[in-house]
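**Student:** Dropping a structure here in structure tokens format, bear with me for questions.
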């Protein structure tokens, strides 16, 4: 689909006018600042608008695939342990260019699925999709005034964290929408499904008679066909409650959710009006951390959509159609960490594969130079290794440092072993009575090959038992298996 750009960065701040009018009601979350000359600037709210501005400034680039990992800034109320922060990382992937409809969109969703499958989230995430033109058509059919469509869309977008009764109240009391119109909208936005929902909507003459809805439904028909070809249709939920509050979306929209994304009490199907909220408590400070607040969820872990008119807002010339997705890196990390902790899986604090140690008796020198040489040997072979920054470290302290970092293997140097040109390779964490509990003697010339084999076996989850190998002339055998 054209050239790809993998090294990418843009300024952390933009002129305020660049960001204005792009984010709907979320514009209030933009951090504003002024430079020494008084020029109004803002910290970037996302990576999408800066990318569109760059495309407008570089008209020679008519098609591109790019990814960008960087910090963005939002003056939202934080919930640190749930990955909701004011300064956080996003990873964006976008495709820009004039292509036949729904093909880039399908590839974006395929890539999204690959990311979460690669993270080991199989069966534990859902990609919600909808279409802005379908939503706009629904709002027109239900009688929403044209000047209220975007604000009502922002209200619907809150259904992932508020029950329908609360969203309806916002529509009618805060945004002065006729209650009967809100009720009609409610009949649509509670619906979700897949091809079954699309088929039902295509057989609704009221919807198909609306030009906007008709165009959106045709797009979705194509998209479902392509997602089926990419074998990811089962990962997708066609969800009419998904609205995405940002103003620049023009077509397909999507977001990825998992357990913990929404607060426990949220239900989009509740139609019973909630009682007015009364509280004598002091209002929350907007700077307070709401990590322990049960009404706050992690939120979506990735989201995006098609934005065909954003580049044209900056260039004043021809548009470059674009579609992309943003991954919430901090949210993904917080959920992955919580899952590992719940499963009692060790959360490693570093990527070190081998800790190089030394021990000895009376007159022990620390074997510092020898430890450094073994570490260098491992480094030169691309193996991540570390050693204690002590001339004469104590052996228990070395084991403690390795275990604290979750290092899987130790290479232990001793004076007698050194004299024989050998070291001892030990897998850390083996149970008492294990045949390799005390490690295995390995010749220095075979150390790299031995460590690599052990790392590969560890990565595959193969146990030490049942493995028979010869290293440096020494046969190592575990229990025989059938």
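Residue positions begin at 1 at the first shown residue.
In case you wondered, yes, glycine gets a Cβ from its N, Cα and C as well.
The feature domain 'Class II Histidinyl-tRNA synthetase (HisRS)-like catalytic core' is assigned by TrEMBL to 11-261. The L-histidine binding site feature in TrEMBL is assigned to 46, 47, 48, 74, 90, 94, 244, 248, 249. Residues or ranges marked as compositional bias 'Low complexity' in TrEMBL: 260-272. Among the features that TrEMBL reports, region 'Disordered' is placed at 260-300, 457-482. Annotation comment: TrEMBL describes 282-292 as compositional bias 'Basic and acidic residues'. Marked as domain 'Anticodon-binding' by TrEMBL: 353-428.
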**Student:** Restricting to the record's L-histidine-binding residues (46, 47, 48, 74, 90, 94, 244, 248, 249), give me the longest CA-CA distance in Å as a whole number.
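**Tutor:** So the binding residues stretch over 21 Å, Cα to Cα.
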**Student:** Write out how many residues of the domain 'Anticodon-binding' (353-428) are helix, how many strand and how many coil, based on DSSP.
**Tutor:** 28 helix, 21 strand, 27 coil
**Student:** Non-local Cβ contacts of residue 249 (L-histidine binding site) (under 8 Å, 6 or more apart, same chain)?
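**Tutor:** In sequence order, 132, 305, 306, 307 meet the Cβ cut-off.
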**Student:** Averaging the per-residue pLDDT over the domain 'Anticodon-binding' (353-428), what integer do you get?
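**Tutor:** Across the domain 'Anticodon-binding' (353-428), the average pLDDT comes out at 94.
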**Student:** Using a 10 Å radius around each Cβ and all protein chains in view, which of these binding-site residues has the most neighbours: 48, 90?
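**Tutor:** Answer returned by the neighbour count: 48.
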**Student:** Show which residues of the chain containing residue 46 (L-histidine binding site), separated from it by at least 6 in sequence, have their CB under 8 Å from its CB.
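**Tutor:** Within the chain, residue 46 (L-histidine binding site) has Cβ neighbours under 8 Å at 72, 90, 92, 326.
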**Student:** For residue 244 (L-histidine binding site), what is the tally of other C-beta atoms lying within 10 angstroms of its C-beta?
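**Tutor:** Summing over all protein chains shown, residue 244 (L-histidine binding site) has 23 other Cβ atoms within 10 Å.
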